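To keep things clear, I will list the structure first and then write my remarks on it.
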Amino acid sequence: MGNKQGKSPNNSKGGKKYKIDNDVVKQLQESTNFDKVEAKKLYEVFYDLSNGGKEPLNRDRFKEGLTKLESCGLKNLDNSPFGDRLFDLLDTNKDNTVDLQEFISGLSILCKGTAEEKLELSFKAYDIDGNGYITKSELSQMFQQAWISGFKALSYQTNEEVNKDDLNNFSEEMAQIFADGAFSSLDVNGDGKLSFNEFKQFAMSHPKITATLNGSKRDVPITFD
């Protein structure tokens, strides 16, 4: 990763003792939109997830620790269409691990970024192959995850079980309808892909999808909000 993570933090959480490196915290604060308290908190979360900095923060360990980010003011990302993509977005050097700088810089956009920065990050989430455009298949995949996360949240909220096959089939159908609608109105040159500006236009006019279950409703944003 090539990133200096500083000395091991000194914390008493869970019996672990980490020594906080205030110089590193200051550096992270100055290079992101976080204040000192927020940068320190995320510094601690990172070291908790990486076993005190002794183990690389890989995809599995990152996903297991998503709920810890709620204490930092982030929403429940493990129940969102972006949970699986967030690791890829933070891993900017594509070495299949997330270092401290990548971790906090990426979360800085999610927590404190401008609307434009969040839209750009959302575009990258949809652009699964990273070629700078979104295909109908990529758009449909992310829309399907949005529907699935909405229905899962409703199922938990209402204590009603949802058949997995029915959920997948319905979510796939709705995602295809939304993707077809987006490309029909935005892909005017018929090249089968959306640019960032075209995606932005759609996201601003259709900021969410709404899942319904026996009278209950759940809105799911289609971008980082």
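Including glycine, each Cβ sits where the backbone N, Cα and C put it.
These figures come from a predicted structure and were not determined experimentally.
Pulled from Swiss-Prot:
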COMPBIAS  1-13  compositional bias 'Low complexity'
DOMAIN    78-113  domain 'EF-hand 1'
DOMAIN    114-149  domain 'EF-hand 2'
DOMAIN    174-209  domain 'EF-hand 3'
LIPID     G2  N-myristoyl glycine
REGION    1-20  region 'Disordered'
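Helix, strand and coil residue tallies for the domain 'EF-hand 3' (174-209), in that order: 23 helix, 4 strand, 9 coil [DSSP].
Averaged over the domain 'EF-hand 3' (174-209), the predicted model has a pLDDT of 91. With DSSP states grouped into helix (H, G, I), strand (E, B) and coil, the domain 'EF-hand 2' (114-149) comes out at 26 helix, 2 strand, 8 coil.
Applying DSSP to the domain 'EF-hand 1' (78-113) sorts its residues as follows: 23 helix, 0 strand, 13 coil.
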